[in-house]
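What follows is a single structure, written as structure tokens, with notes after it.
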Amino acid sequence: MAQQKVAVVLGLQWGDEGKGKLVDVLAEDADVVARFAGGNNAGHTVVVDNISYDFHLLPSGIGHAKCDCVIGNGVVIHLPGLYEEVEKNMAKGPHLQGWQSRLKISDRAHLVLDLHQKVDGMKEEERGLDKIGTTKKGIGPTYSSKAIRHGLRVCDLMGDFGIFKQKFLQVVEHYQKLFPSLEVDVDAQLKAFEGYAEKVRPMVTDTTLLVHRYLKENKRVLLEGANATMLDLDFGTYPYVTSSSCCVGGICTGLGLPPQAVGDVYGVVKAYTTRVGDGAFPTEDFAEVGNYLQTKGHEYGVTTGRKRRCGWLDMMVVNYACMINGVTKICLTKLDVLDELETIKIAVAYKKGGEALLGMPASQQVLNEVEVEYVDMPGWQTNISEIRDFEALPTQAQAYVRKVEELSGVPVKWIGVGPAREAMIIVPPRQ
């Protein structure tokens, strides 16, 4: 019998595409949902029974009572943030009950220290006008600590606390040399970590072994990507990116799975484009359309609360992300946000000096200077948020979806028409 493969949900733009909602829908049929990269800089909103839950570090499947959730070795964990997230969501509704017995944390995952968050903010201030737009959650400094091999891992916290203390002091010393004004209450921090050690101990395990065991047992494993392709450290709009691998390759390094274990790759695409923070954004609209999308789409960051920049759907971005990730099906979200527009533009090419560019420019300067070629699609100017059948959509909305399929070469399987779990249309295969 062929071994079960994992399915993965990835963002194909600059994040905030609606990955959490698709994961939540798919988690109903999954046995396991796992995170493999990023930290609590991610923000996924899931609406269950009209209750809106915000997840940052917890996998979005945590709201399903029969679903195990895994935080893999590629994730960086801020333990105070984890427990704060649990408390906030538990106060909203009952869907996280029993979460401790279902959450598995990698012993190889790195710890985000409070000082990492302070350093993140200090580094951002140092940049002056060249700010990256970081969430200041300490993600970059934690991955930096990991790369220069003085990071603290969960297994360190599970071991001899005296050794953990020594390593912690070394990290403090390193950063205080770089940032003399950095203040760290060492005693308070160590006391807090002693408490967290006992809290998380029952959840900590070798998640690489665990995920392979799940697959051997033919469990249905769903992987939840954080951030998105255009925020990937290698393939995104560097340096305005995150510090981890948000693409399909991050699965192998962030969970310990071989490439042949990856089955379907579901790419999530917003029906228009948004990004938080600075960096190139060729289809950004600074006028009426951008303001409309921001207001109608409630485009504010889940993690930061910052206004998202808005613009037209960019198929150069989508096609680039589909190519890198081997996307097998697309989930097109927030189609209902376009309801009131008379004409809808889709970017189909970048040009420089009149010449069409074949790929995605690596240079931010080039990307900032490209001329964007659009196709115009007729709007439908009617409310589609209550529609649940593809054939019941206005013909113009159907045409928009089919155009995305045509331009990407990838079938659209789902359409999101609202924030609720039920506000999803299954798209029939193209005849």
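Glycine is no exception: its Cβ is also placed from the backbone N, Cα and C atoms.
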Further IMP ligand in Swiss-Prot, beside ASP16, GLU17, GLY18, LYS19, ASN41, ALA42, GLY43, HIS44, ARG149, ASN227, THR242, ARG306, within candidate set THR134, THR135, THR295: THR135
Spatial neighbour of GLY305 (substrate binding site) that is closest, considering only the binding-site residues GLY15, ASN41, LEU335 and their CA atoms: ASN41
Binding-site residues (GLY15, GLY18, GLY43, GLY305), the one with most neighbouring Cβ atoms at 10 Å: GLY15
For IMP, whose listed binding residues are ASP16, GLU17, GLY18, LYS19, ASN41, ALA42, GLY43, HIS44, THR135, ARG149, ASN227, THR242, ARG306, the greatest C-alpha pairwise distance in Å: 34
ARG306 (IMP binding site) CB neighbourhood, other CB atoms within 10 A: 13
Rounded Cα separation (Å) that holds between THR135 (IMP binding site) and THR304 (substrate binding site): 6
Nonlocal neighbours by CB distance (under 8 Å) for THR304 (substrate binding site), same chain, sequence gap 6 or more: THR135, VAL276
